[in-house]
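Asks: Residues or ranges marked as active site, proton acceptor in Swiss-Prot: 193. Per Swiss-Prot, NADPH binding site is recorded for 13, 14, 108, 141, 257, 281, 283, and the stated evidence type is sequence analysis. If you look up Swiss-Prot, you'll see 108, 137, 139, 193, 246, 256, 257, 258 marked as sn-glycerol 3-phosphate binding site, on the strength of sequence analysis.
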C-alpha cells in the first residue's frame, strides 16, 4: 500500500507550486529534485528560497533526496521538469515503478531532438500498460503557490484516472480542474504557445503595439490549431484552457519567461545575453526547433513559428522576420482551418 498521495519529480517553481496545492488540499506529498543541496535547503527552510521564497510549505509536504524512496512511496508520479530532460527522467524512475504506478506530467514541450509528443516518449520507455496523464493550462507558479484563483486541464489515458486526478487536485477556494480526453491537443497547446509567446515578446520589444500583439496571438492560435488537427487533436481543445487560455496568458504577462526573452530580442539584445538575463530555462527557445521540425515533418504551414526559428537558429534579424510575415501573400482568414 502506498502511503503518499503524490510524488512530484522536479523541485523548480512549478513542481513546488503543485506540491503546495496538493498539500494544502490535505494530501501527503513528496517533492524530489536532482540537486541534493537544494533538497536539503527545502528541508531546512521549509520553503523554496530559490523560486518561491515567500511561500511556506504545509507540514504534509516533504522534500525527499532519494529518488528510489520518492518513487516507491506513491503510485502517482507527477513529473515537472524541463522538456529536454523528460526522456532521461523517465529512464531514471523506471527501475522503481511497480504494476500500480501511474505517470502524470506538467512538462510543456516536445522531446528534444525529435519533436515527438511526450506521450510517445513515455509509451516508448514505460510501455503500453502504465496509465498516463498530462496537466496543462494557463498557470504561473507564483500565483498558484500563493493561492490565487487558477484553472487547469487534465487529460488522461482513461476516464477513471482523469476523474481521480480531478478530485485529487481540485480545491474549492482557489484551484479548479477541468477534464479533457484529448491528450494530443492538450500537449500541443502547452508546447507551441511558448514559441508564439517569444514572437509576441519580440513584437512588443520592437514597439509594434497592441494591435500587432493581438494579431500575432490570433494567428498563433491558428498555427497551433492547424498543427493539432493534422496530429489528430480536436479543434475544440484549442479554444479552451490549454489552447487559447495558455496562449493569451503567456503572450501578455511579463511573468512569462518566453515573452520576456522575446522582448529582449525585440529590443536588440542578442540571444545569449537574453538567455543570461532571464536566468532560467526558456522552454520556447528549446521548443522552437522541435515545433519547426514537427511542422516540416507533417507538412503543416506555420509561418510565425518558421520566422521565430530563423531568428533563433539561422541568424535572421527580428526586423527581417517581421517584414517576412507582413509581406506574405494575402490569404482568406480561414484558409488554414477549412483545408482540413
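Glycine is no exception: its Cβ is also placed from the backbone N, Cα and C atoms.
For each feature listed, report its degree of burial, its nearest neighbours and the pertinent distances within the displayed model.
Replies: Residues within less than 8 Å, Cβ to Cβ, of residue 193 (active site, proton acceptor) and separated from it by at least 6 positions along the same chain comprise 108, 220, 224, 243, 246, 247, 250, 251.
Taking a C-beta cut-off of under 8 angstroms and a sequence separation of 6 or more, residue 281 (NADPH binding site) has the following same-chain neighbours: 82, 257.
Its Cβ placed at the centre, residue 137 (sn-glycerol 3-phosphate binding site) has 25 other Cβ atoms within 10 Å.
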Asks: Determine, to the nearest whole angstrom, how far the Cα atom of residue 258 (sn-glycerol 3-phosphate binding site) is from the Cα atom of residue 283 (NADPH binding site).
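Replies: Just about 7 Å between their Cα atoms.
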Asks: Please give the maximum pairwise Cα distance, in Å and rounded to a whole number, for the NADPH-binding set 13, 14, 108, 141, 257, 281, 283.
Replies: 15
Asks: Within 10 Å of residue 139 (sn-glycerol 3-phosphate binding site) (Cα-Cα), which of the binding-site residues 13, 14, 283?
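Replies: Those close enough are 14.
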Asks: CA-CA, which of the binding-site residues 13, 14, 283 lies nearest residue 137 (sn-glycerol 3-phosphate binding site)?
Replies: 14
